[in-house]
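Single-structure report; data block below.
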Amino acid sequence: SRAAVSHGTLCSRILPLLTLPVPPILLLSSSSTPPMICTFTRPLQAHTSPPHKTEEVCSTLILASHSHKRHIFLSFSASFSFCSPTLLVVKETNEQKLFKIANELLQTEKAYVARLNLLDKVFYAKLIEEARKDTFTMDVVKNIFSNISSIHTFHSQFLLPDLEKRMGEWTSTPRIGDILQKLTPFLKMYAEYVRNFDHAMDLLKQWTDRSPPFKAIILEIQSQEACGSLSLQHHMLEPVQRVPRYEMLLKDYLKKLPQDHIDRRDAEKSLEIIAMAATHSNTAIRKTENLKKLLEIYEMLGEEEDIVNPSNELIKEGHILKLAARNTSAMDRYLYLFNNMLLYCVPKFSLVGQKFTVRTRIGIEGMKVMETYNEDYPHTFQVSGKERTLELQASSKQDKESWIKAFQETIHISLQKNETFKSAFKDVEEVSISELGKRAPRWIRDNEVTMCMKCKESFNAITRRRHHCRACGYVVCWKCSDYKATLEYEGNKMNKVCKDCFCILTGHIDSEEREGKKKGILEIEAAQFSGNSIMCGFLQYCEKNKPWQKVWCVIPQNEALVLYLYGAPQDVKAQSTIPLLGYLVEDSPRPTDPPVSFRLSQSKSVHSFAAESEELKQRWLKVIRMAVTGEVPKPPEDNHSTEITQEPSSNGV
């Protein structure tokens with residue numbers, strides 16, 4: 001059987017399978033002898049050169065590589081019977097398919113760790129070494145490579161060794177779901193890397209152009225054989241693409257996995273979390289690219305308001321002709337089609353800065369598009385909205401079809417979102433109306449939150465003051481509390497409520513669209529973790545040279561190697577998270593730090609903490625020192641004393 005693949009690739013794919021039980025196959029010979037049914041009576045043996053002698057009961061299967069003119073010879077003992085088919089048929093068992101997927105996971109993980117090692121121990125290390133000579137600043141290098149050292153440490157010291165051990169004992173333990181579950185708490189490291197990726201690419205390009213020594217080091221490393229003639233940018237894409245690769249392999253694995261298999265539950269749970277992380281990763285990339293494009297449009301339109309908004313998504317843009325209503329002359333115009341509006345623009349002749357002036361905004365809601373036919377002007381269509389109707393002429397039939405398709409799909413998606421919102425509203429109303437407004441709620445205390453529990457905007461003394469919804473008891477900002485509804489428990493008096501409760505109690509739908517989105521990595525309520533944590537309590541916190549602040553710290557039991565930082569015990573979103581693995585713990589206070597303090601440092605990140613007492617500090621350190629090595633800490637015996645609900649003093653801070 002001839003295969004146009006390299007000798008090395010062929011060996012890597014075939015040799016791992018030789019120890020498996022092999023079913024009968026149909027073997028074809030390139031000579032004139034007829035095909036044979038072969039049943040193996042002993043394991044195959046692999047050779048890179050032909051056998052010196054072949055016994056009567058031994059046949060040789062030759063796999064040829066055209067590109068390298070090399071062969072692999074597999075010798076085996078077999079019993080033969082003749083038949084007439086002309087194809088080689090290998091019937092693979094389900095167990096073998098599962099093994100192949102698991103083995104592919106292992107092999108790709110090895111290649112991935114090699115790529116991480118190249119980024120961390122070669123590129124990053126060489127550039128840091130040069131930065132110490134003051135050729136360029138160390139902050140530049142650290143900002144480019146972000147937390148690549150933490151990612152490398154986890155995969156090389158934990159995940160890869162676990163996979164290698166499991167594949168070595170596959171016969172007795174054929175499962176990978178339990179191992180992949182160990183990956184899920186560390187997906188937050190990828191979120192940080194992805195968020196920084198666009199900035200890293202900009203810095204890399206900027207300093208490659210600006211600094212000859214910086215450029216020389218990168219070019220020198222890229223010329224090495226380990227780089228495979230690929231650029232640093234290409235290698236830095238690998239962590240961005242790795243989580244979606246795990247998702248793909250797990251989906252394939254679950255398709256082959258029997259419903260009653262021992263690994264079914266773990267594999268499904270791992271896939272659920274990894275799939276969500278892949279979505280966050282892809283979304284972060286798209287958001288970064290989208291905001292960059294919106295900034296460009298903002299400048300081209302002369303700083304037109306409401307353009308740079310994360311909810312805006314550019315669908316299509318381009319030149320088009322507008323037919324005048326009176327004399328049917330065609331005028332050059334430019335269209336920006338967004339997910340929620342159409343900007344109809346007039347070109348402005350300028351060498352720099354503003355290129356267009358917005359003549360009309362047309363909302364997508366209520367918009368219609370249709371083909372029109374004009375004998376004098378071909379390829380025309382009409383866009384009709386609440387604000388204005390436009391008759392437009394495309395440059396060609398294909399251009400016309402492309403514009404009409406873009407309009408139709410955008411209108412359809414907008415309608416679907418509206419219907420989904422209305423359905424969700426009805427479901428909430430049926431479930432919540434039974435209690436909402438009829439019973440006085442428990443008010444969340446002001447000092448238990450630092451952000452609006454609806455829109456998640458941070459509170460401040462001027463524009464973001466705290467208000468309570470009289471229906472649900474949530475603490476919300478003025479914007480989210482600017483509603484009133486009658487409350488049965490107050491004798492049907494009108495009172496202040498949040499916008500969600502207003503919709504439910506009155507049946508009115510707020511004008512703003514609300515999409516059902518999955519919670520982000522930080523959007524987990526502190527109260528959910530605090531009740532099921534290894535450690536939680538107030539600490540003073542300082543990052544780099546920023547002012548010290550009080551934070552509510554939580555190490556959850558289900559994510560024992562991650563430290564969550566909240567502004568207050570009832571906040572609905574964490575301020576930040578710290579994946580503890582790989583951090584260096586420093587116990588001795590610095591002269592400028594409070595007396596009962598400690599630090600976590602890794603690469604460019606330095607996190608300083610201060611406790612109220614030496615005893616409390618040592619309890620935190622005991623748990624954190626285990627977590628940074630990858631060991632899952634257990635809750636202290638006196639765990640209840642770590643749940644500090646009173647505000648700590650700020651002595652020395």
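Every residue gets a Cβ built from N, Cα and C, even glycine.
For reference, TrEMBL has these:
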type     : residues : note
SIGNAL   : 1-19     : signal peptide
DOMAIN   : 97-284   : domain 'DH'
DOMAIN   : 313-412  : domain 'PH'
DOMAIN   : 446-506  : domain 'FYVE-type'
DOMAIN   : 532-629  : domain 'PH'
REGION   : 631-653  : region 'Disordered'
COMPBIAS : 642-653  : compositional bias 'Polar residues'
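If you look at the domain 'DH' (97-284) against the domain 'FYVE-type' (446-506), you find fewer than three C-beta pairs under 8 angstroms, all six or more positions apart, and that falls short of contact. DSSP states for the domain 'FYVE-type' (446-506), grouped as helix (H, G, I), strand (E, B) and coil, give 17 helix, 18 strand, 26 coil. Residue counts for the domain 'PH' (313-412) under DSSP, split into helix (H, G, I), strand (E, B) and coil, are 16 helix, 48 strand, 36 coil. Within the domain 'PH' (532-629), the DSSP-based counts of helix, strand and coil residues read 14 helix, 43 strand, 41 coil.
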